[in-house]
Amino acid sequence: MLGGVGGRHMSTRRRGSSPLVRGGAGLTGYAGPGASGNSNDVAAIPPDMQRYAGRRRRAVTTSDHKSCALVQTRIKLGDIMLAAQEAAQRDPGYASQYRRRPRLAGLSFGDWTSFGGEVPGLVDMAPGRDQGGGAGGGGGGGKGTTSLFILSEDNCIRKHTRFIIEWPPFEYAVLLTIIANCVVLALEEHLPKQDKTILAQKLEATEIYFLGIFCVEASLKILALGFVLHRGSYLRNIWNIMDFFVVVTGFITAFSQGIELDMDLRTLRAIRVLRPLKLVSGIPSLQVVLKSIIKAMAPLLQIGLLVLFAIVIFAIIGLEFYSGTLHKTCYSIRDINVIVKEGEQASPCNTDNKSEAPFGAHVCDANISTCMDHWEGPNFGITSFDNIGFAMLTVFQCITMEGWTAILYWTNDALGSTYNWIYFIPLIVLGSFFMLNLVLGVLSGEFAKEREKVENRQSFLKLRRQQQLEHELYCYLNWICKAEEVILAEERTTEEEKKHILEGRKRAEAKKKKLGKSKSTDTEEEEGDDDQDDGELSSSTKEKGPCKQFWLAEKRFRYWIRKSVKSQKFYWFVIVLVFFNTVCVAVEHYGQPQWLTDFLYFAEFVFLALFMLEMFIKVYALGPRTYFDSSFNRFDCVVISGSIFEVIWSEVKSGSFGLSVLRALRLLRIFKVTKYWKSLRNLVISLLSSMRSIISLLFLLFLFILIFALLGMQLFGGQFNFDSGTPPTNFNTFPIALLTVFQILTGEDWNEVMYQGIESQGGHKKGMIYSLYFIVLVLFGNYTLLNVFLAIAVDNLANAQELSAAENEEEEEDKQKQAQEIEKEIQSLQNPKDGGAPKVEICPPNGKGGKQSSEEEKKQDEDDDTGPKPMLPYSSMFILSPTNPVRRAAHWVVNLRYFDFFIMVVISLSSIALAAEDPVWEDSPRNEVLNYFDYAFTGVFTVEMILKIIDLGIILHPGSYLREFWNIMDAVVVICAAVSFAFDMTGSSAGQNLSTIKSLRVLRVLRPLKTIKRVPKLKAVFDCVVNSLKNVINILIVYILFQFIFAVIAVQLFNGKFFYCSDESKYTQQDCQGQYFVFEDGALLPEPKKREWQSQFFHYDNVMAAMLTLFAVQTGEGWPQILQNSMAATYEDKGPIQNFRIEMSIFYIVYFIVFPFFFVNIFVALIIITFQEQGEAELQDGEIDKNQKSCIDFTIQARPLERYMPKERNSVKYKIWRIVVSTPFEYFIMGLIVLNTVLLMMKFHRQSDAYKNTLKYMNMCFTGMFTVECILKIAAFGVRNFFKDAWNTFDFITVIGSIVDALVIEFGENFINVGFLRLFRAARLIKLLRQGYTIRILLWTFVQSFKALPYVCLLIAMLFFIYAIIGMQVFGNIALDADTSITKHNNFQSFIQGLMLLFRCATGEAWPNIMLSCVKGRPCDAKAGKQEGGCGSNIAYAYFVSFIFFCSFLMLNLFVAVIMDNFDYLTRDSSILGAHHLDEFVRIWAEYDPNATGKIHYTEMYDMLKNMDPPLGFGNKCPNRLAYKKLIRMNMPVDVDLKVNFTTTLFALIRENLNIKVRRASERNQANEELRDTIRSIWPLQAKKMLDLLIPRNEEIGRGKMTVGKIYVCLLILESWRTTRFGQIESAGQPIMELQDVVVSDSRAGSLESLTHTGKRLHPPVQPVRHPSRSPSLRHSPGRPGYDHHGHYYHEGPGFSDTVSNVVEIQRHTHHPHPSQYNHRHRMRGPWSASTSPARTPSPIHHIDRGRHYGTTSLEQRSRSPSPIGGRQPPHTHQHYHRHHPHQHSYPVLVTRRGRGRRLPPTPNKPSTLQLKPANINFPKLNASPTHGSHIHVPIPAGMQHPPPGQHLPPMQPSHCPLSFEQAVAMGRGGRLLPSPVPNGYKPQPQAKQRTPRHSDSDEDDWC
């Protein structure tokens, strides 16, 4: 069937496709003249069938083009298309030929190629292709691909090798070999000094076998595929290149035993581990992850450049300030080679004389040591700023937030602590919080896009397959029906059959519904079909007669049990059981009494029995099948089986290890709660749904770690041998290497490992190259792969929220439906015959009715905040009525304008007072004074509270004082302060209990929070944070639950095993008695110390301790130490043995994946999503989205830029200006900056004097050059204009700073310390930033996100303030000790120090250690005057944990949220207009309006929009019709001078592009009003001034007012009129080539309208001369009324005039350049003059000056010639006024003359096959460039008549030599635009050239 097509092509037919099928040439079945096929067969198909065959062919061939990749490689489709078209033109009959070939009728392209030689015609058609290409069907380039020049395609060896390498078992064998090779590499243990274990020696012997196998594989592939020369050969595949490389290096290592190689080349074999990735490409979810990472690479590179730039700038600043400062340290006076340490490490010093040292610097104790410059520096000398390499590494390390505080403290020691924070804090904020979070934004955007793409693609493929099948089925059915109709016309389907069909359909529908409704979660028991089961039961009962009664009873009993099992009571009973079980597990702890142990032991059995019972009951009630349908039940069953197994096992073999973990899994049963808790359920579902992506990501991560671990083993194995022993993080064995890589991946202490790695390879002199290994690991692992976790989390959470929203909507709908049904029933009951009963509305029509009204009430309450509030109508405190004078006075005071302001001032003053207190010495004079201030402040707040209570009442009625949260807080603070003062005053014994008072006084800290209520925007951010906390509660529950589960497991595993003896040689508490000797460095005798049996600070002895420890691990701080302790843990009450149980690390790895990688990211994701939703929620009322808001924001703030240009053309100033703004000058300066940067980077520590002087003089040269640049610019622009541009001001400051700096260096630095001037050297680099377009946009967005941040920052500042004050009050008096974390650098002894400490904690630097240094029992500071060990407090735990929680989870995530919000355009569809595009508009506008008048002529506006690339402008490929239509919709008003306004144009453009309330013409006024309201509500302040500019009033665009819309409507009508009317007039049978078919210079191509709709168009013999305006202004038409001299127009018979008479006035105003302002040479220019001056050529020579002037300069012109001078000169009366010439109409006169036609030369823009027969033609606008003068059109005086239609008037010739037609056209084609320089340094984007031929405007949408 189907015309004889064989079955073997069915599959191909369904899949194959090609663009060709849709091609115009109709090639679908063409097989060339030689194709086989019997043409008589056609008769065998009935005509109907033929019709279907055609349709069938179309159905089959519209398929996805990707599936025919094979075809694309074998045949170039484009060639065939062209060949087919040529064939069609040569032989018109050919196209119909194929229809008679039934054999090929239904074949798509893919089928021909499967025939190979059967289609000779195909191959012949492709020109320039190998003729033998099709025959072999092979890869590459056809038959000619001989492998290695020897084996042809048909060679049997090659055929067999090809078969082998494509044989699946061969591929698997190779993969297995690779895995085996990796295992061998992993089994090696690396020993110091190249020693080898026996195993390693044996493994080395296997090396040669692997090499052999890989060599064989490579040879086979090379034989089969060829080596490199043709497509598809061996080395054309990236994997093969890698293999080949590995084999070659293998041979080099194998046969280079005698040669000493510096590096073991076996490292390179680790690269082969990448090969299993080939398998990966088949897994869709992995593809999403991989693709999104690869796709993100482009934007990531941009960000990478920005980060690199920041690193270079900071490194150069560091080089200038800190070079060589870290080499001084304290050396002992006794032995000058011994370093005197402070604490555990040596630290830099400044001097050993206290009087000389700056504040905060480290001074050596002069009695025992001296400060000398011999030290290599901290961290083996790697951490330093001695040269640019070290400086960049150090800066990069700071950006990763690891070890940055140590560097800060060292620089403080060396230089004093006054200024260093100014360098480090911006580095952290910009580098870490901003730059690196950008990576996250980009990745999550790409991930979401990629996932959506994959999902869409899958659904599309499904749908398409379904449609194809349906289509085929439909065709077949149609044929069958036809056949049936023909044969059995009288038979019809019987009623019974019909019934059958309908029933079938119903069943299918029911099934579909059921599938759709099934719950998306498996957490609940399947509600199995009761009736179905009963049916089965009854049938079995019937059969068994005798036991009938028993079965019936059993059935009833089972039914009852099933009911009970499904009831809520049973469910809650199980939940309570789970809860008790949880409690029992949680109370277990170290050192518990025996009775508790016994009780827990028996309780375990009881719970196990109960849970087993529950399971059996359920299985009985629901039946095994239904029971096991639910995945939760399956999980339950597994847990119970595990528990039974565990109980038996522990009886048999007690003390066994690790199985107890199974017990902990029972806690997962708590998730049963999700059955009734929707949002939690959806969260769990979304977590489960993201498992797929996460598992694939984990696989990727595992591969990554594996590769780097093997690489690390090869590089650093056996090398980490230091004086202090081998560190725990090393690369000696595979498991430890994996852990080390994993640790670096989490980012914790990666810098320490790097220092050890560099030191092991020869220290900072030789081993610096090895830092690359660690940097790549951090960049790719930590910043890229781990951020994909967050991307996945953000993505899936958004899904979960959508799920919840969708479910809520469904519920609402259901309720509504029910309500409506009830309503209907009631109506039908009530509805009497007369129908007069009233309607009853039970439920308001919109489902959210009730909710909305309450929300509106709330809103109204809130809105009243702005105005003065009316007094509440209730009596206050039952005493004061609303009319009471006291209450009225209080009300008046509280609502005074400045009352709130006054309170704000008092709050700020009291905050300052709090910060100024001295926390150490409580009775210091400063504190005494501040105390009195405090009384005053408290007094003010008390008075405020009393007044408010009098005004509002206390609590009983709505709106009273204590009904608001903020007031409650105020009251608490005031009362606490009052109570503490009372204690103070009385001095009673209670007052002695200082801690009570102190804690009461600490509450004063909350005062700053009062400001939140008073600053609306701050309150909005605060509400957002609170809301996101509400949202986070769900995840918090899941989070705490998981944390709890892990804590329970940890207690089971490590309970009581974290003890150790201070003498490391003892292992038990019994042995750890007495004393031991400690040898100190440099001490002669050992020192005896007492042995102590201690527990580690972080341990797992009970659940609470375990939770705290895990929280610390999860923040990623200090966890390697905890991991080492866990792996060393042996047995309860025994000491540690290093790496005793390495498998314990699995616990931490799993924990890390679940928590930091996943849960914490979900937190971040939730906050981000909430933040974004909040932002959008504000806009919902106005019905505009975020992007639209940011664009309107931009418009409101945008102002036109002023571009300066000297007036006198011949002045020196003008010449200087020309130089300064020229492109070469810009590039020269850029080059200087780059060279200067390189010069700055060349400095290094301990450089020779000659080198130093060379650098100094070169620096002076550069300073000189920049000074010259500055002077030139000031000369060119004038002082005022120069400083208008921010960049110039910046340049000027930089230059002045550099000059002063140079002078200081030259004439000695003694007279003033100007170190900061060195900053100016680095500042020049910043100028580089304004060059690149992408960087410019990135920076712009950066600034935007800073604008969005102030309130977020304020909130963070408040958080820091409050915590710093609490820290000062509670921990301020702890003694400083270099051995703990409370040191002179890091403490709470002043407010500033406290802030620094908190900032350090926020970046996560060793916060657990600080927390442990603040707990109870710490030594006190000497000034505090307290007993020893009485300082510190256990509040420290809550204090630090809460701070870290708020900081790292909430606050810093707000940064991330803001950044992701602002930078979403990086991954958004680039065709959507965003605020970041709008800068370009302001820039280009300035070129048309240099004086920043804010207005330009509407034709210039058209030009400008055509010159701007989409999405902002129209682009120069946009057909004019479409541009007109857009302008008509934009419809800006035009003023008297026909100019449009800047703001109005920009807003109209945005509105048109983003579709902001764009409606039909009839509804436009209403839409405008709505938009005005929206703008008033969102921008109340700006709306007053700007509203009429943004949205012009109806009066401005109504009747009698001129608008852009009206002008272009006329042009559009005119155009349509010409096409219809002219099209009917035949002119000698030859179409005339229209003006528009001539090529136009690219930039102005847009300014000529294309009028061709059909390919040929006819014109009347005479066409009026084209008007030379700047862009399409209105044209004259033949029937157009002329003008008389005074503006009265006369008619010439009915023409187009009736249609467009209302726009006649425009023509009179269309302007021309000012003739009077050019010298004679310019004035006499004819229409074709070769001058490139700004006037728009051609133009009539003589003009009349009407006194209007419009002086603008376009800076994007071809010309370098002068622009008009003297913008406001009085008009000259022109002497040529009365000499009119007959070609006043500005259209070219095209007259057809037979026999004298010439063909136009071929043109790139618009190839045209039409012929042109011109006489002398006046072509305007061939070389158009933006004008500088106003256009004035001279009307024809009344006496002049239009030329009669037949008569041809010779055009005016130019006064110099005439040009031939070809010359003119050539000149026009040469009119290319050269971008001219602009003063501001921006470069116009190069316009994309138009390549594709454009045949007509009908395909408008493809152009814009």
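Cβ from N, Cα, C; glycine included.
As annotated in Swiss-Prot, N-linked glycosylation site applies, among N367, N1541, to N367. Both G623 and G762 carry topological domain labels in Swiss-Prot, but the labels differ, so the record puts them on opposite sides of the membrane. Per Swiss-Prot, the N-linked glycosylation site annotation among the candidates N993, N1823 falls on N993. For the topological domain 'Cytoplasmic' (1329-1347), the residues of the chain that approach it from at least six positions outside its boundaries are 302-303, 305-306, 309, 434, 1190, 1230, 1287, 1458-1459, 1461-1463, 1465, 1475-1476, 1479, 1881-1882, 1885, judged by C-beta separation under 8 angstroms. Listed in sequence order, the residues of the same chain lying 6 or more apart from E748 (site 'Calcium ion selectivity and permeability') and placing their CB within less than 8 Å of its CB are E402, G1116, E1117, G1118, W1119, P1120.
Its Cβ placed at the centre, E1117 (site 'Calcium ion selectivity and permeability') has 20 other Cβ atoms within 10 Å.
Residues near E1405 (site 'Calcium ion selectivity and permeability') in space but far in sequence (CB under 8 A, at least 6 apart, same chain), listed by position: M401, E402, G403, W404, T405, E1117. With pairs at least 6 apart in sequence, the transmembrane segment (206-225) and the transmembrane segment (995-1013) have fewer than 3 Cβ pairs within the 8 Å limit; the two do not touch. Within the chain carrying the transmembrane segment (931-950), a Cβ under 8 angstroms from the stretch's Cβ atoms is held by residues 876-877, 880, 886-887, 890, 893-894, 903, 906, 909-910, 913, 961, 967, 970-971, 973-974, 977-978, 981, 1004, 1007, all 6 or more beyond its ends.
Non-local neighbours of the topological domain 'Cytoplasmic' (1276-1283) in the same chain are 1202, 1204, 1206, 1213, 1216-1217, 1219-1221, 1289, 1292, 1879; each lies 6+ residues outside the stretch with a CB under 8 Å from one of its CB atoms. Within 10 Å of the C-beta of E402 (site 'Calcium ion selectivity and permeability') we count 22 further C-beta atoms, all protein chains included.
Sequence-distant contacts of the transmembrane segment (1222-1250), counting only residues of its own chain at least 6 positions beyond either end whose CB sits under 8 Å from a CB of the stretch, comprise 312, 315-316, 319-320, 323-324, 327, 384, 386-388, 1258-1259, 1262, 1265-1266, 1269, 1321-1322, 1324-1325, 1327-1328, 1331, 1875-1877, 1881, 1883. Sequence-distant contacts of the topological domain 'Cytoplasmic' (678-696) (same chain, six or more residues past either end, CB-CB distance under 8 Å): 283, 285-286, 288-289, 451, 520-521, 523, 671, 789, 792-793, 795-797, 799-801, 803-804, 807, 1034-1035, 1037-1038, 1158, 1162. Taking Cβ pairs closer than 8 Å, the topological domain 'Cytoplasmic' (951-962) reaches residues 871-872, 874-877, 887, 890-891, 894, 945, 968, 971 in its own chain, all 6 or more past its ends. Taken through DSSP, the topological domain 'Cytoplasmic' (951-962) splits into 4 helix, 0 strand, 8 coil. For the topological domain 'Cytoplasmic' (226-237), DSSP puts the residue distribution at 3 helix, 0 strand, 9 coil.
Across the topological domain 'Cytoplasmic' (678-696), DSSP classifies residues as 18 helix, 0 strand, 1 coil. Residues 865, 900, 903-904, 1163, 1166-1167, 1169-1171, 1174, 1178, 1351-1352, 1354-1355, 1450, 1454 of the same chain, all 6+ positions outside the topological domain 'Cytoplasmic' (1014-1032), place their C-beta atoms under 8 angstroms from a C-beta of that stretch. Taken through DSSP, the topological domain 'Cytoplasmic' (1276-1283) splits into 6 helix, 0 strand, 2 coil.
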